[in-house]
Amino acid sequence: MRSASTLAVCAATLLQIACSTPIHPFHARSHQSYPSTEQWPLPVVGKQLEHQVPDEDLQEILSQISRDNIESTIRKLASFGTRHTLSSQTDPVRGIGAARTWLTAKFQEAADESEGRMTVDWNSFIKYPGDNERIIFPVNITTVVATLKGSEDPDRYYLTGGHYDSRNSNPIDYQGDAPGAVDDASGVAVSLELARIFAHYKPKATIVFTAFAGEEQGLLGAQNLAQTYKNASVNLAAMINLDMVGNSKAEDGTTDPHNIRLFCQGTPLTENASTTTSRLSIGGDNDSPARNLGRFIYEVASNAWTEMTAGYTGVRFVQPNEDYTQQHQNVTVRNGKQYGDLTQWLDFEYNTRAAKVVASTMWSLANAPAAPTNVGVNTTMSDNFSQFKWDAPKGLSVQGYEILYRETIEPHWTNVIDLGNVTWYNLTSATIHKDNVIFGVRSVGKGGYKSPAVLPFPFGCARNC
């Protein structure tokens, strides 16, 4: 599991400013009238945003997600004893090599049902000792990659997956048991189950289902795959990482079976100083591509409950609570308490619900047009107009665009303005304008599928430029 200390939870904090007594800094002007608080919240422009309802194909996909299949995959992966990155790659029944062979065969079974749309490959490299204390001898690191080609926009990729390597208390113990049931057979099981189901469908954009290796040594497999895509100029629009999605119970026994955490990077790690300055100038530090992807997921997938250094947008799903007596622990009993990442800790119903959230996300992303590009808002006009412009995305045809907005205290988009198929818009509201709310612009495609929103960056020119 990747430490959450390097990531930010995809949510905003509500700040409430309160004083025990009124503050009147200008006593000489005490007769001056001030705006009534009844004017807040702001009047609505457009309409209230509603969560996306699954279409018939997505409903069918969700109905096919099998708890039994997910459980079977997790138990099988745990049965290899250890899947440590440094463990045997030749033993037919124990170690990461045996797990890789089995996973490859299972992904290939899915591909065989796809009528040629899905292919299965390995993304492999040799990692040498030197700059990583958890690599003590040269080792082959292989990610299993199942690629389902898009039917209309195959050059736009969306990727999801978990890591199939595991570890125990000692990060370089590659011989001792490390069943890795929750961390992260639970994530790999989701990736494999969705590959099995999606192979029978034709998403418009390409979807990649993966099982990464080398995660416990520092996200090595995921980083190499992302760099491979970058070197090949692949348009990887989003990466959805599944790292521990199988247990809702905390160490103190608290359960939270109907929530899942979503970690989203703030200001992109690869963003240059000039872009960051522009972002901060308009208060956009909470509207990075990853966080707007998180808002998209909240909109399209929340109903299912009832990779950064390469410059790609990525988020990570993880269960609501963690129990550190199970995670990265030797399989042992101490003082009558069982330790270790064992299958007995799994909540398979929870794992299945998590799979439905991911399925909703991937299907909705792959069937929507790409997000608009070069999205801007004119910040030079000192008036109540908010002038926007953007460019149409490549790939799938766009039926129209929407402006989303939310008050600055809101974590999620609350309202939407339907614009039609235009590439600029003047919002003339005296209250809903660039000084009062956060805006985003998104594409709308056939069937009402929508892209994640894009934060408009500042530009300056005469009106209607």
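Backbone N, Cα and C define each Cβ position, glycine as well.
When Swiss-Prot records ASP183, ASP243 as binding Zn(2+) 1, the matching candidate from HIS84, HIS163, HIS200 it lists for that site is HIS163. For the residues ASN286, ASN421, the entry in Swiss-Prot flags N-linked glycosylation site at a single position: ASN421. Classification of ASN140 (N-linked glycosylation site) by DSSP places it within a strand. Put simply, of the recorded positions ASN140, GLU216, ASN272, ASN378, the one whose Cα is nearest the Cα of ASP183 (Zn(2+) 1 binding site) is GLU216. Looking only at Cα atoms, ASP243 (Zn(2+) 1 binding site) sits nearest to GLU216 among the recorded positions GLU216, ASN231, ASN378. Within the same chain, residues at least six positions away from ASN384 (N-linked glycosylation site) with a Cβ under 8 Å of its Cβ are THR428, SER429, ALA430, THR431, HIS433. When Cβ atoms from all protein chains are considered, those within 10 Å of ASN140 (N-linked glycosylation site) total 16, not counting its own. In terms of DSSP secondary structure, the domain 'Fibronectin type-III' (371-464) contains 3 helix, 43 strand, 48 coil. Put simply, of the recorded positions GLU216, ASN231, ASN330, ASN421, the one whose Cα is nearest the Cα of HIS163 (Zn(2+) 1 binding site) is GLU216.
The predicted model assigns the domain 'Fibronectin type-III' (371-464) a mean pLDDT of 89.
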